[in-house]
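Visitor: Could you have a look at this structure, given as structure tokens, before my questions?
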Amino acid sequence: MTLSFADQREAAQAAQRAVSGDAQQEVHASEAQALQEIPHETYINDVYVTKLFRAAGQQDVELVRALVARIGSTDVLDKRKRTPLCVASAQGAISTMQLLLEGLPPATKYGKPIKGANTAHCDVDGATPLHFACAGGHESAAAELIRRGAPVDVCDNAGKTPLTYACERLSKSCVTLLLNNGAAVNAVRADAVAPILALVAVDLSAAEKTYGDSQTVAQVANDVLTKLVESGAKPNVADDDGNTPLHVATSNSRAHFVKTLTRTEGVALAPFNYNGQTPLHIAAFLGDRIVATLLVDSVTRGTPEISMAAPAKKPGQKSRREGVPVPVPGAGITPLHCACLGGREEIAKVLLHAGARAGAEDASGRSPLYYAAFCGHADLVKLMLTRQQNAVAPTQIDGADMGGRSALHAAAFMARDEVVHLLADQNADLAQADAEGRTALHLAAAAGNASTCEAMLEHPRASACHLSTVTDDDGRIASHLAAAQGHAETLEAILDFGAPADAPTNPLATTTSKAGWTPLHAAAHAGASECVAVLLSRNADPAAVDAEGRTPLHLAVYSGVAESVALIIEALTEPRKGGRRSSTPDQRRKSVVVASGTPLEAMESGEGFTALHVASQFGQIACAKLLIDSGANVNAVTSKHQSTPLHLAALHGQAQMALFLAQSGGAVSLADYAGRTALHCAAYFGHTLCGLALVRMGGSLAAKDNGGNTPVTAAVLGGYRELARALEEESRRPDAEGVSRQGQGQS
């Protein structure tokens, strides 16, 4: 019982009167001495409480008696709502526990008796004194509390009963005491922690400090488990992640637990948790041979449990991975898959000897060989290949998953060079294509695995299948993918197999995809200037045109990487090697810098877009400067709409670009096919900053398009009234008339 402050003060005052005058003789001398050591500023304060809690844990009976008399209660609380009995129970302080449980008789006829401590009191965590006693492994303290009526099946806020704490403490004596006094051996409610699950999850290394050595700890822990099982603990109870005691024991490599559990009547040997794993899946991945052997030996060899495949998740089923440290590639994975994934050769041998199927496929169509290759476990790859003659399910070296990818694809993508050599030497199909038409070389190139590409291209069978020129479904060879991903070293390694570095042409640098892209197009579009430099050094054609009329220069400008643009312009304007083209540098520059190509993404269809048009649309000022400095016509018009670069800059609201073009000679008064000036374009689409900039650069506010609209009326028609007002205000400036004339006079 917890007294109110008023009651505690009244009791303390009575105790104070009791130790004064004639009543002093009734108090034990040690109590009087103890009381004299306590400050008398107040009767109930933190000093008293602190001393009482300390004394309770230290078994200072006389001081506890004096402080309880002074405070007037055995159930005074600390900040976490623990009572002195909680502290004494945690320390196994029997003598102070007995005093607190018995309480104190009245000191005088004026005093009040102090009741014994409440054995069912819960602190802020929901823990009772019995929880504290069992957590400390104090059998005598627990026995005293139970004798005094302490409840044995109370759950704290973590869902743990005293029995759960006794199991975590590995206290067989406390476990036996609780079970003999009616404690529930299984979880008392749905959200409670089952004692058997708490036991198998115990960190035994921490318990060695108590029991001395690992062997003793293991024996004690196993004795506790045996006691629980004999008392009716459910061996298949599962936690929130679906893990049974056998799952947890396996994940913690507790062979003694596994041995006991596998011999327990009614235990499920191959239950699935929520991640689709059986205990054998976990043992196979973690590589504990003792545990794996125990699990394998617990079932008949060759039975389905050995090759048990993880099931597909049910609709709405949770997917939680915090319970067991095993990755979950997907449904259908077997323990042998897990062994190959974890690189556990010895476990794989145990499983294969027990009848596991080497050719088993998961739900994605991937075999154990695929996982071994993916992870680079060469010894396991060899082991899986030796099982090709397995009558049940032979391992197919070229077996493909649902994406059409084989073990060679996996090894190449992950740069597992040793495995690539091994598979190639075992006659794996080097040119095998996946669902997108990509070979292992394509994947290695896209991943930037230069040494892997060299390993495949150097293989004697590579030339026979023309590996370097095999195209995917988009018509791309490996050099396209390396260039598109910006892997210059890998690209160079691939090009070395196409032609010598000083050759006038290199087919691996000039092959075009279905879209008409060369590797140089891909590198330029990706903004991979290092790859651009490599390709140009191998005489890639900088003037090549794709299916939409775009050159690498168009794509380089689109990417906005000035270095790539500069390299391509330089290649276009310098003499080329070996008679590849008869045109002069000036002709090539005119045909590319000024000539037309169709627009990039987000640009309207039509012809006549120069690289400068592209730069203007996307605001690539640095690229535009390079183009203009190289001779690009700043007033070039497209063939369909007669749009200048300045029109496109205004149309897309590129104010800084519009200023740059106007300052570089762009005519603000030129009209397109609809009679619109650049200022009209800005007004129709509501680009205020761009419109004002064009006015100040000489754009005419009086010019009319073919519909008779001025820039102001164009803004109104577009619904941009604020822009219209801004343009009108601009027209009323003192120099507006001069500006207008200036714009009209430009050509």
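Every residue, even glycine, has its Cβ placed from backbone N, Cα and C.
Per TrEMBL, the feature repeat 'ANK' maps to 125-157, 158-190, 241-261, 275-297, 331-363, 364-396, 403-435, 436-459, 515-547, 548-570, 641-673, 674-706 (among others). Residues annotated as region 'Disordered' in TrEMBL: 727-747. The feature compositional bias 'Basic and acidic residues' is assigned by TrEMBL to 727-738.
Help me see these features in their spatial surroundings.
Guide: Outside the repeat 'ANK' (125-157) by six or more residues, the chain places 80, 83, 85-94, 97-98, 101, 116-117, 119, 163, 165-166, 168-171, 173-174, 177-178, 181-184, 188-189, 192, 210 with a CB less than 8 A from a CB of the stretch.
Mean pLDDT for the repeat 'ANK' (158-190) in this predicted model: 94.
Through the fold, the repeat 'ANK' (241-261) approaches residues 196-197, 199-201, 204, 218-219, 221-222, 225-226, 229, 235, 267-269, 271-275, 277-280, 282-283, 286, 288, 290-291, 294-295, 320, 322-326 of its own chain, all at least 6 residues removed from its boundaries and within a Cβ separation under 8 Å.
Panel annotation: around the repeat 'ANK' (403-435), residues 364, 367, 369-370, 372-378, 381-382, 385, 397, 441, 443-444, 447, 449, 451-452, 455-456, 459, 461-462, 465-467, 470, 472 of the same chain, lying at least six beyond its termini, place a Cβ under 8 Å from a Cβ of the stretch.
Here the repeat 'ANK' (436-459) has long-range neighbours at 404-406, 408-409, 411-417, 420-421, 424, 430, 467-468, 470-474, 476-479, 481-482, 484-485, 487, 489-494, 497, meaning same-chain residues at least 6 beyond its ends whose C-beta is under 8 angstroms from one of its own.
Secondary structure counts, DSSP: the repeat 'ANK' (548-570) has 17 helix, 0 strand, 6 coil.
Across the repeat 'ANK' (641-673), DSSP assigns 16 helix, 0 strand, 17 coil.
Each residue in the repeat 'ANK' (674-706) gets a DSSP state, and the totals come to 16 helix, 0 strand, 17 coil.
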Visitor: Per DSSP, how many helix, strand and coil residues does the repeat 'ANK' (403-435) have?
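Guide: The breakdown for the repeat 'ANK' (403-435) reads 16 helix, 0 strand, 17 coil.
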Visitor: Looking only at the repeat 'ANK' (125-157), what are its DSSP counts of helix, strand and coil residues?
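Guide: The composition, in the requested order, is 16 helix, 0 strand, 17 coil.
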Visitor: What does the DSSP secondary structure composition of the repeat 'ANK' (331-363) look like, as residue counts for helix, strand and coil?
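Guide: Across the repeat 'ANK' (331-363), DSSP assigns the residues as follows: 17 helix, 0 strand, 16 coil.
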